Amino acid sequence: MKPDAHQVKQFLLNLQDTICQQLSAVDGAEFVEDSWQREAGGGGRSRVLRNGGVFEQAGVNFSHVHGEAMPASATAHRPELAGRSFEAMGVSLVVHPHNPYVPTSHANVRFFIAEKPGAEPVWWFGGGFDLTPFYGFEEDAIHWHRTARDLCLPFGEDVYPRYKKWCDEYFYLKHRNEQRGIGGLFFDDLNTPDFDHCFAFMQAVGKGYTDAYLPIVERRKAMAYGERERNFQLYRRGRYVEFNLVWDRGTLFGLQTGGRTESILMSMPPLVRWEYDYQPKDGSPEAALSEFIKVRDWV
């Protein structure tokens, strides 16, 4: 089947609505919407929930940008895109909870298509979701990865292991020699065997995110915590900022190509702290995190 960008856009708009409704139902607060237009073509809907009952900040962004030609930074890596008009659309979200026992989560699904008259379109899907705990709970990690594995199974037995590995490799802070969290799924450049198959997989990932995340939120949101746990959460959020500004391809691409800065940086935690040469106490739950986030097979 020929790629249908309109069908993908409708799914993404509905996905943004659904995820916002689900997060609001857990939190009790509502999202505030900020619609925006891009001068060069396209626009989006940024939605943010701040200082809710459960979430300190949750941002769910939809964007759809288009143009007559790709930026040089993109065609340098993919010369086949030169001289083509393009559309790029996606939903991207990050949730930063109040409670340090509730992990931070991130999800993204996206579609890209570049066309020119008389030629076959170049298109692909990408996306995934990943979890960043501050305190490790094995049952949460197993549930997260089991949900990821189960949504992948209809698409092939090799899909989950392949995209889990890609996620582990992508969300890695080289300058710290550590993972950002416990991973999940990450895929890009997906365009085989055909459009329908790839679109169905992207939909499964988009819908699977809340199945993976919300049970963990419900399990942990009422756990008692104090200043020690909060300080550790803020310290570990620093790793999130470091990854996004130093290593994340999407953030860098957006900032380098004149994307909407407010939406791109919506993923940042509202409060964060750094501490020189921080060393957690031996045997403490904080010290256990470095071992917990090391790459392993959870299911």
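Glycine residues also receive a Cβ, built from the backbone N, Cα and C atoms like all the rest.
Its own atom aside, the Cβ of ARG260 (substrate binding site) has 19 Cβ atoms within 10 angstroms in the protein chains shown. Look at Swiss-Prot and you will find SER92, ASN108, VAL109, ARG110, GLY258, GLY259, ARG260 tagged as substrate binding site.
The Mn(2+) binding site feature in Swiss-Prot is assigned to HIS96, HIS106, HIS145, HIS175; the stated evidence is sequence analysis. DSSP classifies HIS106 (Mn(2+) binding site) as strand under the three-state reduction.
Taken from Swiss-Prot, the feature active site, proton donor applies to HIS106. For HIS106 (Mn(2+) binding site), the count of additional Cβ atoms within 10 Å of its Cβ stands at 24 [all protein chains shown].
The site 'Important for dimerization' feature in Swiss-Prot is assigned to HIS175; the stated evidence is sequence analysis. Sequence-distant neighbours of HIS175 (Mn(2+) binding site): residues of the same chain at least 6 apart with a C-beta under 8 Å from its C-beta are GLU242, VAL246.
Swiss-Prot lists 240-275 with the feature region 'Important for dimerization'. Residues of the same chain lying 6 or more positions beyond the ends of the region 'Important for dimerization' (240-275) and with a Cβ under 8 Å from any Cβ of it are 34, 36, 38, 40, 44, 46, 48, 50, 56-57, 59, 61, 63, 65, 71, 73-74, 92, 94, 96, 104, 106, 108, 132, 171-176, 180, 231, 234.
Looking just at the region 'Important for dimerization' (240-275), the mean pLDDT is 90.
Following the DSSP three-state reduction, the secondary structure of HIS145 (Mn(2+) binding site) is helix. If you measure from the Cα atom of HIS96 (Mn(2+) binding site) to that of ASN108 (substrate binding site), you get 15 Å. Looking at the residues that bind substrate per the record, SER92, ASN108, VAL109, ARG110, GLY258, GLY259, ARG260, the two CA atoms farthest apart are separated by 21 Å. Each of the binding-site residues SER92, ASN108 was scored by the number of other CB atoms within 10 Å of its CB, and the largest score is that of SER92. Working note on the binding-site residues GLY258, GLY259: by count of other C-beta atoms within 10 Å of each C-beta, GLY259 ranks first.
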